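Per Swiss-Prot, these features apply:
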- Asp260, Asp266, Asp318, Phe319, Asp320: Ca(2+) 1 binding site (BINDING)
- Asp392, Asp398, Asp452, Asp454: Ca(2+) 4 binding site (BINDING)
- 229-350: domain 'C2 1' (DOMAIN)
- 361-494: domain 'C2 2' (DOMAIN)
- Ser216: phosphoserine (MOD_RES)
- 12-38: region 'Cysteine motif' (REGION)
- 157-178: region 'Disordered' (REGION)
- 482-510: region 'Necessary for cell membrane association (isoform 2)' (REGION)
- 1-59: topological domain 'Vesicular' (TOPO_DOM)
- 60-80: transmembrane segment (TRANSMEM)
Amino acid sequence: MSGVWGAGGPRCQEALAVLASLCRARPPPLGLDVETCRSFELQPPERSPSAAGAGTSVSLLAVVVIVCGVALVAVFLFLFWKLCWMPWRNKEASSPSSANPPLEALQSPSFRGNMADKLKDPSTLGFLEAAVKISHTSPDIPAEVQMSVKEHIMRHTRLQRQTTEPASSTRHTSFKRHLPRQMHVSSVDYGNELPPAAEQPTSIGRIKPELYKQKSVDGEDAKSEATKSCGKINFSLRYDYETETLIVRILKAFDLPAKDFCGSSDPYVKIYLLPDRKCKLQTRVHRKTLNPTFDENFHFPVPYEELADRKLHLSVFDFDRFSRHDMIGEVILDNLFEASDLSRETSIWKDIQYATSESVDLGEIMFSLCYLPTAGRLTLTVIKCRNLKAMDITGYSDPYVKVSLLCDGRRLKKKKTTIKKNTLNPVYNEAIIFDIPPENMDQVSLLISVMDYDRVGHNEIIGVCRVGITAEGLGRDHWNEMLAYPRKPIAHWHSLVEVKKSFKEGNPRL
């Protein structure tokens, strides 16, 4: 019988299940044998399809319930550990009864006295400094402890502060005049509880004061280097009236500085008759010598009437075959009639002035000054300019003159002339008037700037000159002559120079 139950496929199983259900019915249907129905009633439970399906469903349900229960228990334990156990442990670790006394105890006089005794111990200084650093981010430390620790650290550092006196300078002295309007540095209030202690200069400032004066020494060295002599040069001048030619004879140079590694130089000389730089003449190169003898003649065709407006420019160079030639120095002879009338040859010795590049002739400007003391009126008349530097690609400039009234390095007023187009020798004859009381004449100066007008872009400065008590050279002499002869126009030619960086920064001197 077991073979009968196990034989067949799914359809046989379904047929057997239908027969079994019919046999279990009461009464059995007609046509069914009683023995056959009894055998179906005695069928093993595991062979019954319905019983097997019911057992499988119960097992799966039990497994699902167990898994869900375990997951819920795990979630509950995790939440309990996160919400209850961790805060309780941190609170117990960070809040012992003896770590932080109550605020009332910190504010008591006995606690402050004990804290002051502990602060006197130098061994606790490192710990206190660390506490001050931590107090900025630690809200648990009381504010009273932070303030007392900071006061002790400040008092201790003031006693150990090193004081040195920096080198005085004119720039700082001039700044002190404007200091009271801003703040009094020496009168800063450090609080009533911390009186300023007497500061004693340390041994560093006494032993090596030159360390603090190094900046001023460097400035003096740079100034002396700019004015030092680089040897001497000997030349002669003579004018040939028949051919209207100026004859310049370069004779020799003496005591030139060494520019090569071997301790010598390869000098030669360039000659210009300014303002014409297109005509450039040059001597031969003399190898490995610091005292060359040139003995060469150079001819410049120029009318005798123009000699007063010409300048002789000599530039001494060191020849270098494989790189740029080094400039040794230069000599500029402003007055060709300085030694004689050029009717006969005259020998001239000049010091070679230190220079790193050839000087550029920017031109000259002629103006007159006239002061009326009774009216307090200063009149500057711009007459003309000559030989201005070409600023445009056309070889010309569009010059105009700007006059600025300065007082203690500050510009009070400025006025301009008209613009002259496409010329290097403009003529203006325009008067510029400033109202200046007589008592203020020693405090003001005039800055005359020759500008090149550009339709597109910024206007460029061709050159400047300055007149006033604080000016130098001809600018000061012209100003003093105007004051000596009031109500009389005093006219002079002034050479234009480049705007120096020191003047841009507010230095009243050019």
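Backbone N, Cα and C atoms are what each Cβ position is placed from, and that goes for glycine too.
Everything Swiss-Prot records as a feature, shown here on the structure.
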residue	record	contacts (Cβ under 8 Å, 6+ apart)
Asp260	Ca(2+) 1 binding site	Asp266, Lys288, Asp318
Phe319	Ca(2+) 1 binding site	Asp266, Pro267, Tyr268, Val285, His325
Asp320	Ca(2+) 1 binding site	Asp266, Asp326
Asp392	Ca(2+) 4 binding site	Asp398, Asp452
Asp454	Ca(2+) 4 binding site	Asp398, Glu460
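Helix, strand and coil counts under DSSP for the domain 'C2 2' (361-494) come to 14 helix, 67 strand, 53 coil. Averaged across the region 'Cysteine motif' (12-38), the predicted model reaches a pLDDT of 67. Those residues of the chain, other than Asp260, Asp266, Asp318, Phe319, Asp320, with a C-beta within 8 angstroms of the mean position of the Ca(2+) 1 site C-beta atoms are Lys259, Ser265, Pro267, Val285, Phe317, Arg321, His325, Asp326. Of the chain residues outside the Ca(2+) 4 site list Asp392, Asp398, Asp452, Asp454, Met391, Ser397, Pro399, Tyr453, Asn459, Glu460 have their Cβ within 8 Å of the site's Cβ mean position.
Under the three-state DSSP scheme, Asp260 (Ca(2+) 1 binding site) falls in the coil class.
According to its DSSP assignment, Asp266 (Ca(2+) 1 binding site) is coil.
When secondary structure is read from DSSP and collapsed to three states, Asp318 (Ca(2+) 1 binding site) falls in the strand class. Within the domain 'C2 1' (229-350), the DSSP-based counts of helix, strand and coil residues read 6 helix, 67 strand, 49 coil.
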